[in-house]
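See structure below.
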Amino acid sequence: MKILQYALLACLLVSILGDDDDEENEGAAGSDDAGATPTALSKPAATSAEGNTAAKNSGGDIKQPKQELPEPSSKGQKKPRLPKRCLFKPEQGNCAGSRFLPRWWYNPETESCEPFTYPVCNKKNEAFVSCTLCMNMCMRNKRGREKAKWIRKVCRKSPKVKSG
């Protein structure tokens, strides 16, 4: 009986702490969105945890992020911006006893999607369910047949999934 009580208490504490983190992140993300500029691909560490939670929703509904229009760079050339979902970075968590799901994230340094394991206790939904979906949404430097060939090449590999 005590084990059940401890398990319920642990679940309650995790949900309270998770809700507090969500409220803090949503408040910070709301203030950052007004003057947000695209993150340069050469600086992936500039993405913060607040930016990663901006696309979060409640109730388990999956919403597709809107495709953002290209914004001119300093040289006058148009450089396409990545959707927020493509800026997601897998983070280390401490979800003790949690199940882990295989998911994909876009790595702008390699310009490809990479697998990782995703703890079920996280409420974020920015990670991609499949490599193909990830590559189709985030890869901007190739078009048409070249893009399809690259997606098949990257997604056909079966790399080791790293823990996130």
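Heads up, the Cβ atoms here are built off N, Cα and C, so glycines get one too.
Of the listed cysteines (Cys95, Cys134, Cys138), only Cys134 is recorded by Swiss-Prot as the disulfide partner of Cys113. Listed in Swiss-Prot as the disulfide partner of Cys95, from the options Cys86, Cys121, is Cys121. Between Cys138 and the candidates Cys86, Cys155, Swiss-Prot records the disulphide bond with Cys86. The disulfide-bonded residues in question are Cys86, Cys95, Cys155, and the one with the fewest Cβ neighbours inside 10 Å is Cys95. Here the candidates are the disulfide-bonded residues Cys86, Cys95, Cys113, Cys121, Cys138. The one whose C-alpha lies nearest to that of Cys131 (disulfide bond) is Cys113. Residues within less than 8 Å, Cβ to Cβ, of Cys134 (disulfide bond) and separated from it by at least 6 positions along the same chain comprise Cys86, Trp104, Trp105, Tyr106, Cys113, Phe128.
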